[in-house]
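The following features are taken from Swiss-Prot:
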type     : residues                                                                              : note
REGION   : 1-270                                                                                 : region 'Amidoligase domain'
BINDING  : Ser13, Lys191, Thr192, Lys193, Pro194, Thr195, Gln196, Lys227                         : UTP binding site
BINDING  : Ser13, Asp151, Ile152, Glu153, Lys191, Thr192, Lys193, Pro194, Thr195, Gln196, Lys227 : CTP binding site
BINDING  : Ser14, Leu15, Gly16, Lys17, Gly18, Ile19, Asp71                                       : ATP binding site
BINDING  : Asp71, Glu144                                                                         : Mg(2+) binding site
DOMAIN   : 295-547                                                                               : domain 'Glutamine amidotransferase type-1'
BINDING  : Gly356, Leu384, Gly385, Met386, Gln387, Glu407, Arg473                                : L-glutamine binding site
ACT_SITE : Cys383                                                                                : active site, nucleophile
Amino acid sequence: MTKYVFVTGGVVSSLGKGIAAASLAAILESRGLKVTLLKLDPYINVDPGTMSPFQHGEVFVTEDGAETDLDLGHYERFISTKMRKANNFTTGQIYESVIRKERRGDYLGKTVQVIPHITNEIQAFIERGAASATCGEPDVAIVEIGGTVGDIESLPFLEAARQMSLRLGRNSACFVHLTLVPYVATAGELKTKPTQHSVQKLREIGILPHVLLCRADRRIPDDESKKISMFSNVPEDAVISVWDADSIYKIPQMLHDQGLDRIICEELKLSPKDADLSMWSALVEKLENPKQEVTIGMVGKYVDLTESYKSLIEALRHASIHTSTKVNIEYIDSEELETNGVDSLKHLDAVLVPGGFGRRGTEGKIAAVRYARESKVPYLGICLGMQLAVIEFARDVVGLKQANSTEFDPDTPERVVALITEWYDREGKVETRTEESDLGGTMRLGSQRCPIKPGTMAEEIYGKDVNERHRHRYEVNNRFVPQLEAGGLIISARTPSEDLPEMMELPRSMHPWFVGVQFHPEFTSTPRDGHPLFKSFVEAALANKQARGVQA
């Protein structure tokens, strides 16, 4: 029978509930337990797919094509269990499901209310999400409840968790509360009152936390922990200090050293083997002791909010671990390149253009592509970054001066990149779309396997085929591919059913390392294994730095 750990947050948002939940999962997995995680989001949006990156940050895409919260990316990076659509749900999905049932008559004419109908539906979604785990029936399901205790949006989720813990009985569920202990510089001390009030708020709705994770910019002294314990009615050894760390991969060891996994296992009556965190220690050791260094420029329009590129940043960090290289990322606003030129790129060892949507800043990204191609600087284009590389090549090499994407210019006569109107989903069903289709849930989403052209750089990196995740509406237009190939561009991978270009590259006679991919490889990178594409990219950046005579 699956046991549940509910993770809540207090005082302020963005304390790191996702990292805390993922770190606990990593420790429990190292003890031989099968673990899955769920994220419950209190917003009314059905999913984050149409939300602004400035509002929500990155949209993480699962293997089965769900657009989910970025915390699911942390979950996959910390444990071996893969996430699915059922691992993340929102208030919007809950109400949508309940209203659909009401319209069908499932409630037999009863008045539909938050309690019991909404809370029952939340519990059903939680149990369904746990049961869908790719690891089989999990021993433990860790359920992260988004938002902050006291928010009206979170109340139905907290009530559902309370009811569920009561229904499951003792030793089947426990609560971990993450809260802030701020340091007040003028007083020169940490203040525990916000944590006391947060726990009181939780107790008012019937939830008694078993563990407090106290976030601070420094380790919390024992006397402050005793005070928190006394006022919150939580045992002193269960008041755990979580201070700022320079790497999230240090958090599992930090929590284990303070006995978090022991407390959870005792509360849930689990008797697994001892934790083995040697892998995490080895990763941190490599991360902190690089042998060389490179600087990679990430050219985008969301650079003021790096959460928009969370998985990409982590993928580069994983590559740094597996190449013993410190990777410095410089965030470059593509709109500034449009006005100030590309001089700010000249010191870079490599250029990366990530995915994105909309016309704003695209000409600046194209300028970055042109600079990388002409200067023989390693270039990696992801999703939109590949499309813009093709547009730049079409304009400046092939001579199609009006080449563009219909996303930016619907009337362009040279539609090098255009809307996909028909494709097959993961189940082999034909999906169709037009310019008038809804934005939500109408992209090509999820994993798709495709063969790689022999003799290409793509084959050197991936092998015979590639299986990566997608999130896009537009594709390179096959009508222009013969002209692009005549100019030297190589389409190194295509989808097997629709023959859509998946990867492009330039031959080494034209450029040492120039690759574009239509998919999002960052979603499958993990600190354990890294990712072959990002590893190759960092190695190319190193080679470029050494070729320029700069000490790596």
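Every residue, even glycine, has its Cβ placed from backbone N, Cα and C.
What Swiss-Prot annotates, mapped onto the structure for a quick look.
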| residue | record | DSSP class |
| --- | --- | --- |
| Ser13 | UTP binding site | coil |
| Asp71 | ATP binding site | helix |
| Lys191 | UTP binding site | coil |
| Gln196 | UTP binding site | helix |
| Glu407 | L-glutamine binding site | coil |
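Listed in sequence order, the recorded positions from Glu144, Thr192, Lys193, Cys383, Arg473 having a Cα within 10 Å of the Cα of Gly18 (ATP binding site) are Glu144. Cα of Asp71 (ATP binding site) to Cα of Glu144 (Mg(2+) binding site): a span of 9 Å.
Rounded to the nearest whole angstrom, the C-alpha distance between Lys17 (ATP binding site) and Met386 (L-glutamine binding site) is 34. Cys383 (active site, nucleophile) and Gly356 (L-glutamine binding site) are 8 Å apart (CA-CA, integer value). Neighbour list (Glu144 (Mg(2+) binding site), Cβ cut-off 8 Å, at least 6 residues apart, same chain): Val7, Lys17, Gly18, Ala21, Leu37, Leu38, Lys39, Leu40, Asp71. Distances between the Cα of Gly385 (L-glutamine binding site) and those of the binding-site residues Ile152, Lys191, Lys193, Thr195 are shortest for Ile152. Each residue in Gly9, Ala20, Ala21, His74, Glu144, Leu178 lies on the same chain as Ser14, Leu15, Gly16, Lys17, Gly18, Ile19, Asp71 and has a C-beta within 8 Å of the C-beta centroid of that ATP site, without being one of the site residues. Look at the recorded positions Ile19, Cys383, Leu384 and count other Cβ atoms within 10 Å of each Cβ; Ile19 has the fewest. For the ATP site, whose binding residues are given in the record as Ser14, Leu15, Gly16, Lys17, Gly18, Ile19, Asp71, the maximum C-alpha distance rounds to 12 Å. Neighbours of the L-glutamine site: apart from Gly356, Leu384, Gly385, Met386, Gln387, Glu407, Arg473, residues of the same chain with C-beta atoms within 8 angstroms of the site's C-beta centroid are Gly355, Phe357, Cys383, Leu388, Ser405, Val417, His472, Tyr474. Largest Cα to Cα distance within the recorded UTP binders Ser13, Lys191, Thr192, Lys193, Pro194, Thr195, Gln196, Lys227: about 23 Å as a whole number. The binding-site residues under consideration are Asp71, Glu407. Their Cβ neighbour counts within 10 Å are lowest for Glu407.
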